[in-house]
């Protein structure tokens, strides 16, 4: 059974690797298939309305319907329809993932799929860094063969992996990496594997050149260690002091000698993010209801002359290097309120069912802990990176982690109910087979 579970996880990891390799069908075809399947699901059962009596996914539907409404006022119909279809696609993925885990009770297997795709992604990046041309995934010259992108202004190099975007990759490695570390420490409990994975994860984030990703990973990881009393506050202070002293003494020798690492010594690179964030508010001041309309943010940014000196992205969709502000500028005040309601829902559920306190040491509480820390890391990454709404790979990651949190709570509630009705010690083990 264990061998079958591993093979199952490896095969199903293809599902998560497809979007990483930029494999995309024409949006009109996906839209047609998505609508037909949605109608079929609505007809056969009610998972789109209420997946479980404790978990209601209407909040995603409300946000999606508002995004659809803003597309009516679009400046470019094709771009808006493409992004509208993307939201439909990831929404269906959310509903079907929750429904599958809820019915099959294979939360552990689904988690293995994500872990497999994570280590495969790390492997791809490391092979690119080592110079193996078989792992160069793009022939576009200005993308540096989709391996290392040199920034002309600083001379630093940022690796993109198979994502096609360094920010996207750093968010993925930070978010899933935290979950993997929590799993290894709290459930797997192998010191050598844990230490090796930690080093590989930090090096992978370092290759992306993301200072925000590195800071968030380290901060959340230490919060976890202190919260779980694995690492005392005194040890944290001593360890931090030693690290600061070492970095200070080897600064000239180490930080400035490598193109990748040198980026981490440049803590100030102008005020382009600040300008994008502040000037972008003119969009919602002029159109507070629906913003720029979904998929057309760059058109409006260019209209206000903001793109003259600041390059956000070459696509028409645009972003301002902040997920929340990107959604605000694209969908208006109502859209961001609905999005915050969607973001807050997993946290409210964990608080409602006492999962944030993690007082019980059951397997399901441990699994929920894994995804809780991943989820909090993703929310922090969204402050400085356009993780959700623009980059569909991490939009998929956002709904996936949300789905795992929902599913973990559903299975735990079912398990608790079963224990209340029938006091069978083997009942909990059945859920994780």
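Each residue, glycine too, has its Cβ placed from N, Cα and C.
Predicted automatically and left uncurated, TrEMBL annotations should be read as such.
Annotation comment: TrEMBL describes 7-25 (among others) as transmembrane segment.
The transmembrane segment annotation in TrEMBL covers 31-49 (among others).
Taken from TrEMBL, the feature transmembrane segment applies to 61-77 (among others).
TrEMBL lists 83-101 (among others) with the feature transmembrane segment.
Summarising the annotation, TrEMBL assigns transmembrane segment to 113-132 (among others).
Per TrEMBL, transmembrane segment is recorded for 169-186 (among others). Same-chain residues lying 6 or more positions outside the transmembrane segment (169-186) and placing a CB less than 8 Å from one of its CB atoms are 111, 114-115, 118, 121-122, 125, 159-161, 163, 193-194, 197-198, 201, 204-205, 208-210, 212-214, 216-217, 220-221, 224, 228, 230, 366, 369-371, 373-374, 377-378, 381-382, 385, 387, 391, 393-394, 397, 401.
TrEMBL lists 198-224 (among others) with the feature transmembrane segment.
Annotation source TrEMBL lists domain 'O-antigen ligase-related' at 198-340. Mean pLDDT for the domain 'O-antigen ligase-related' (198-340) in the predicted structure: 71.
Taken from TrEMBL, the feature transmembrane segment applies to 230-251 (among others).
Marked as transmembrane segment by TrEMBL: 324-343 (among others).
Per TrEMBL, transmembrane segment is recorded for 370-389 (among others). Beyond the transmembrane segment (370-389), the same-chain residues lying 6 or more positions past its ends with a Cβ under 8 Å from any Cβ of the stretch are 111, 167-168, 170-171, 174-176, 178-179, 182-183, 186-187, 210, 212-213, 216-217, 219-220, 224, 273, 319-324, 326-327, 330, 343, 346-347, 350, 355-356, 395, 397-398, 401-402, 404-405, 408.
Residues or ranges marked as transmembrane segment in TrEMBL: 395-413 (among others).
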